[in-house]
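Q: For reference, the structure I am asking about is given below.
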Amino acid sequence: KDIDECATGTHTCRADQMCVNLRGSFSCQCLPGYQKRGEQCVDIDECTLPPYCHHRCVNTPGSYYCQCNAGFQLASNNHTCVDINECDANNPCAQQCYNILGSFICQCNPGFELSSDRINCEDTDECRTSSYLCQYQCVNEPGKFSCVCPEGYQVVGGRTCQDINECETTNECREDEICWNYHGGFRCYPRNPCQEPYILTSENRCVCPVSNAICRELPYSVVYKYMSIRSDRTVPSDIFQIQATSIYPNTINTFRIKSGNENGEFYLRQTSTVSAMLVLVKSLSGPREHIVDLEMLTVNSLNYRTSSVLRLTIIVGPYAF
């Protein structure tokens with residue numbers, strides 16, 4: 001009967017070897033993952049043999065295991081590596097996450113930009129990126145910006161400032177006053193601007209009666225007109241035309257700025273025998289009011305002289321829009 005040396009302990013196998021009983025004998029074999037080299041068992045480096053790992057192989061005493069690169073995980077076969085969808089697993093992005101092979105990309109909503117960590121989002125200060133976003137003033141808000149306008153203006157189209165016509169909406173002018181709208185505000189002027197000895201004959205027109213002796217030394221008529229211009233208007237610029245309302249034969253008309261041009265901001269250019277153009281030659285900054293008297297002197301062949309004045313009130317708005 002065969003003696004089982006492995007069971008009786010009469011074998012001579014080393015501690016790192018495995019005893020296998022044979023008929024009439026026994027055999028010393030290496031443990032799985034090892035191979036004999038002479039009388040010794042040495043580890044088999046499975047990483048040099050197929051089946052190879054998809055990404056990385058790590059040899060261990062008597063065995064091995066596979067590892068995957070960052071962004072991948074081992075499949076159930078313990079050899080293949082499959083992509084990890086970081087956006088589904090645990091969205092690391094502050095706003096938008098896009099999965100890519102082995103990694104992910106964060107993006108931000110409009111009005112935000114990625115911070116240096118490439119994960120969080122910071123508000124984009126659009127007002128600092130450009131000085132042309134708003135006509136007047138830009139206000140930064142989380143994820144966006146808005147434009148504001150100064151008092152007397154309203155925002156149009158999100159960015160442009162448009163004058164509010166207070167004369168059509170709400171104003172504080174009295175019944176005996178007229179409302180005049182200008183860029184950025186309004187003014188109240190008397191409906192009857194005439195001062196003694198002048199009397200009102202039609203809207204804004206005052207006449208000095210010939211029957212009054214005082215009137216012989218004064219202009220026959222004074223007409224009141226109002227106009228508004230934007231601040232810092234380019235010069236030279238034609239801004240107002242004066243024209244004779246009545247034309248008489250054998251008369252010569254000459255035009256001049258009678259008053260209101262002490263600093264030389266204006267120039268009166270005669271354009272015909274009965275008209276002249278007021279030219280702005282120095283840029284004006286508002287808000288301010290200019291009152292300019294434009295006189296037309298009429299002389300006939302009998303040396304009869306008369307004059308009429310157009311009192312022009314020019315309101316310069318506070319801004320260039």
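From the backbone N, Cα and C atoms, a Cβ is placed for every residue, glycine too.
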Q: Between CYS41, CYS53, CYS57, work out which one TrEMBL annotates as bonded to CYS47 by a disulfide.
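A: Partner cysteine, according to TrEMBL: CYS57.
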Q: With reference to TrEMBL, specify which of the listed residues CYS81, CYS93, CYS97 is paired with CYS87 by a disulfide.
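A: According to TrEMBL, the disulfide partner of CYS87 among CYS81, CYS93, CYS97 is CYS97.
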Q: Roughly how many angstrom lie between the C-alpha atoms of CYS87 (disulfide bond) and CYS47 (disulfide bond)?
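A: One finds 33 Å between the Cα atoms of these residues.
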Q: Please indicate, using numbers and ranges, the residues of the same chain that are 6 or more beyond the domain 'EGF-like' (2-42) and have a C-beta under 8 Å from a C-beta there.
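A: 61-63.
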Q: With every protein chain in view, how many other Cβ atoms are within 10 Å of the Cβ of CYS47 (disulfide bond)?
A: 15
Q: Neighbour count, 10 Å Cβ-Cβ cut-off, for CYS97 (disulfide bond): what number do you get?
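A: That number is 18.
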Q: Please report the number of other Cβ atoms within 10 Å of the Cβ of CYS57 (disulfide bond).
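A: If we count other Cβ atoms within 10 Å of CYS57 (disulfide bond), we arrive at 18.
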Q: Average the pLDDT scores across the domain 'EGF-like' (123-162) and report the rounded value.
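A: 94, rounded to a whole number.
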Q: Would you mind reading off the Cα separation of CYS97 (disulfide bond) from CYS57 (disulfide bond), to the nearest angstrom?
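A: That comes out at 31 Å between the alpha carbons.
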